[in-house]
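*Asks:* Feature table excerpt (TrEMBL):
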{"type": "TRANSMEM", "residues": "6-28", "note": "transmembrane segment"}
{"type": "DOMAIN", "residues": "58-174", "note": "domain 'Type II secretion system protein GspF'"}
{"type": "TRANSMEM", "residues": "159-178", "note": "transmembrane segment"}
{"type": "TRANSMEM", "residues": "190-210", "note": "transmembrane segment"}
Amino acid sequence: MLGTTVGAGLVAGIGGALAGLLAGTIWVRRRAARRAALAAAVAGTELADALTRICDELRSGAHPAAALSGIDADGPTARDALRPADAALRLGETVPAALARSAPHPALTDDVDRVAAAWALSDRHGIPLATLLSSVATDVRWRVEFGNRVRAELAGPRATATVLTLLPVLGLGFGQLMGADPLGVLRDGVLGAVLLVGGTLLTAAGVAWSEHILASAAPR
C-alpha cells in the first residue's frame, strides 16, 4: 500500500512538473516573440532616421564620408549597421562589398542589403545616392509603421486567444468551488497525471496554433 501511494505521488509529481514546464515554455516563447517584435521596430526606426539624416546631408552638398561620420548619434543599432560603410569610405573600399560582409541586427539584414544595392546602383549608373537611400528609408519606415498597426489590430484576437487558453484553469477553479475536487483527481496517481499532461499538451497545441495564425498575419 505504501509503495503504491509513493508511486502514485511520484507519477503525479512528474505530471505536474511536465505541465509546469510546458506552461513555462509557452510563456517564455510568447514573451520572447513580443520582445523581438519591439526590438525589430526600434531597429527599423533607427535605421530609417539615420538614412533620412544622411540623405539630408547629401542633398546639402556633403560628401558621403562626411554624412556617414555622424552615425554615432543615430542610435546603436543603426550605427552598427552602417559602420562598415563608414569604414569603407575612410579606407577607400567599396561600400556595397563592406555592407555585404557586415553582420547587422537580424531584423535589419534585408534593409542593409537594400542599402548596399542602392549604393551599388548609384556607383554603377550615377543615380543620386540621396534619391536611392531616401527610397530605402521610406520603405523601411513604412514597413515599421505597418507592422505596428497590424500588431495593434491583433491585440484583440491575441487577448481572445489568451482568455481561451486560461479557460481550463478557470474550469478547475470553478470545479473546486463547486466541491467536485478536480485538482484531487489530477493528483490521484497515473490517471490524474495522464489527464494533467494530456490537457496541458492540448492547451499548448492550441496556443501554438493560435500563435501561428497570428504570426501569419503579422509582417515579417
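Just so you know, glycine gets a Cβ as well, placed from its N, Cα and C.
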*Asks:* Mean pLDDT over the domain 'Type II secretion system protein GspF' (58-174): what is the value?
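*Replies:* Here the mean pLDDT over the domain 'Type II secretion system protein GspF' (58-174) amounts to 89.
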*Asks:* Could you give me three numbers for the domain 'Type II secretion system protein GspF' (58-174), the DSSP helix, strand and coil residue counts?
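*Replies:* Summed over the domain 'Type II secretion system protein GspF' (58-174), the classes give 97 helix, 0 strand, 20 coil.
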